[in-house]
Each structure stands twice: as C-alpha cells, then as structure tokens.
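Noted in Swiss-Prot for the protein shown:
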BINDING   R22, H134, T345  substrate binding site
BINDING   G109, F110, S182, D207, D208, A209, H210, T233, L234, S235, K236  pyridoxal 5'-phosphate binding site
MOD_RES   K236  N6-(pyridoxal phosphate)lysine
Amino acid sequence: MTTLDQFATDKLARLEAGALRRRLRPTARAPGAVLERDGQRLISFSCNDYLNLSTHPAVIDAAIDAARRHGAGAGASRLVTGDHPLYCALEARLAALKQTEDAVVFGSGFLANTGIIPALMAREDAIFVDELAHACIWAGARLSGAALHVFRHNDLAHLAELLAAHRQAARHAMVVTDGVFSMDGDLAPVGEMLALAKAHDAWLMTDDAHGIGVINEGRGSAHGHDVPLQMGTLSKAVGSYGGYLCASHVVCELIRNRARSFVYTTGLPPAVVGASIAALDLIATDPAMCAAPLAHARRFCAALGLPPAESPIVPLLLGTAERALAAQAVLEAAGFLVAAIRPPTVPEGTARLRFAFTACHAPDDIDRLAQLVHDRILVTA
C-alpha cells in the first residue's frame, strides 16, 4: 500500500524531473520596484501591483484606520453580522468606476469566479470559454455542471460556429473570457464578443483582473460596452485583496443569495476593505497614474522591436521550462527579477518570461532590462 508521504514524494519527483516543481522563496517588498530575496536586492518586473498602491501612504493609512475602528476581522459571513458599512462603500466605488448599478465583493478573484458562474449556470445550460481563460474560470464552469464549449483564443469566428451549433440545445448560455489575458497580455475583443453573445441570446462575462486600474483610464477592458457581468480582483492594480462582480442590482442580489463562495465565507477584513476604497479613490482621480504601466510596457517593446503592448504584461516565449528558468537566472544575476512561467500555468511548449510593468518603474531601468534581454537572451536564442 502506498503511504500518503510516498505518494507526495513520487509526485514531487516527477515535477522535479520536468523542471516544473515550484518552491516558495521569502521575498521582502518595499515601496517602489525594489525587493530583496536571498540577500540580493532586485528590481522586480514580476509584480501585479501595477500602480504600486499596496505601499501608497493613503492606502496604508486607510487600512490602519479601518482596523482600529472595525477590528481585525469581519467576524462572520456578510449575510449574518459581517456586513459592516465599509463593504457597502466599497461596492459603491466599484459600481461607480465600472458604471454599473451594483457590485458584490468576494474573498478573492478565485472565489468570485467559482461562486458567480455556478450561481447562474446549471446542467441545462451551456458555457463558451476562451481556451486561454484563467484557471478560476475553468473551475467555476466545471462546478456549474453546464455543457462546456471551448473556442480558440480570441477567435470570434470559432465562437460564432460553436454558438450556432450548441446554443439552441441549452436553456441559458454564457460566454466567458479574460478581459486582459494574464499570461499573454493581449485583450479580448470585448465589443465584438458582446455583439456576438447578444445575437445568440447569451450573457457575456469578462474577468478584468488585469484590466481594472490600467486599461481605459482605470475603468478596465469592458469600458464603453454594456457587458452584463464584469468580474475582477482587488489584488492587482488596486493593491489590496479580494474579488468582485459588477452587474445590475437584481443580478448582484441573486449572487448574494446563491453564490456559495459568498454565502459561506466570512467577509473580508475591514483593513482590506478600507485599503481598497482608498485605492479606488486614487484610481478614479489620477488617469496619468493609470496610464503609466502600459506606457512603460510599450517603451520596453519598442526597445526590443516587439509589437506594441496592449497591457502592462509582456510575454517572451522561450519554449521549454528549462530555457525559461535559465533566462530568469541570467536576469536575476544582473539584478532583475522576471518570473519564468511554466506549464501547467501556460500550455506545454510555451514556457516564457512574463514581464509585468508598474507605474513606478524608472525609464533607465526599463532600458537596461531591454538591453540585457537583447544581448543575453534574444541574441543567444
């Protein structure tokens, strides 16, 4: 009989053999782009804190004040006694930024998607998902029990073909996509996708985890389109923690009643909620700050002759996990931290370096990084 420890050891050995084992590495962050790891100071291009708001004095002060006034924890599910007034203020800020009637806050983006999708979809329904959608979208879709149809990445013709073939057999239909794709940095064609969904009587849901705060003056990838379900996170450009859904009031009320990851979860800590409110206020009033990460990504792309970035995320595909790890080591030795992304996070054969640009990156550091990538990685590829 295999013991649990033996089972785990064998699994880890297989991951190690494929250069796919991951390890936690304690990392000390400070204001700005510099961090310390294993005694080395590194300029990080691997952080999703795109606006550096997690260390903004106003955001920190708001977190401290909320904790002092409301305590360290919510104390209960929001449907019991955990619905402090701060939550209503946060949801109002989100709805205002996204220009929707209402919003619902979740404990994380993963909890949001695994709660929203099963609350709206069931076995009699059909879900159409972009093949590169985030893992939590897949988790939510599978939990729902609905028929799952996968369309090629950003391929509207393939989506139309699948809708034509499968929509009529389903009670309800939902099209789900990332607004900004977290590993490729490209944007979904939201306007065209919305028109296609409406033509087939389907609901469109966008995951804007990497769009809020940095696309369309901070309003996100769905801005300007009447997308009925706009989901996202508070843990990236907002610099805090949590997930959300922006939608109509009646849809949000249904989610508050039916999303299991909302109903059966203690509310976010007041400090997190206070920090998120302060960050959203900064995003709403500083479009120049919101534009900086994309401008920095485009500066990097121009220096390397790459196509202009669509978001603060720039991938450099290297193929194998071994090559990606070797490239990461080259940059780390020179004082830059750029994460190697390997399967299963990305498809087999597409391991890459993922460059994430923030508002505080200095132009000189971006230029030095681009030169290093050119000389030590691209030239030797």
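Glycine too: its Cβ is placed from the backbone N, Cα and C atoms.
Features recorded in Swiss-Prot, as mapped to the structure shown.
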| residue | record | Cβ within 10 Å |
| --- | --- | --- |
| R22 | substrate binding site | 8 |
| G109 | pyridoxal 5'-phosphate binding site | 24 |
| H134 | substrate binding site | 22 |
| S182 | pyridoxal 5'-phosphate binding site | 23 |
| D208 | pyridoxal 5'-phosphate binding site | 30 |
| H210 | pyridoxal 5'-phosphate binding site | 29 |
| L234 | pyridoxal 5'-phosphate binding site | 29 |
| K236 | pyridoxal 5'-phosphate binding site | 27 |
| T345 | substrate binding site | 17 |
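Other than G109, F110, S182, D207, D208, A209, H210, T233, L234, S235, K236, the residues of this chain whose Cβ falls within 8 Å of the Cβ centroid of the pyridoxal 5'-phosphate site are, in sequence order, H134, I212, G232, G243.
The two recorded residues T345 (substrate binding site) and S182 (pyridoxal 5'-phosphate binding site) have their Cα atoms spaced 10 Å from each other. Pairwise Cα distances among R22, H134, T345, the recorded substrate-binding residues, top out at 19 Å. Annotated pair D208 (pyridoxal 5'-phosphate binding site) and H134 (substrate binding site), C-alpha to C-alpha distance, rounded: 11 Å. Classification of D208 (pyridoxal 5'-phosphate binding site) by DSSP places it in coil, neither helical nor stranded. G109 (pyridoxal 5'-phosphate binding site) falls within a helical segment according to DSSP. Distance between Cα atoms for L234 (pyridoxal 5'-phosphate binding site) and H134 (substrate binding site): 16 Å, as a whole number.
Spatially, by CA atoms, the binding-site residues G109, S182, H210, K236 include one closest to H134 (substrate binding site), and that is S182. Within the set G109, F110, S182, D207, D208, A209, H210, T233, L234, S235, K236 that the record links to pyridoxal 5'-phosphate, no two Cα atoms are more than 15 Å apart, and one pair reaches that distance.
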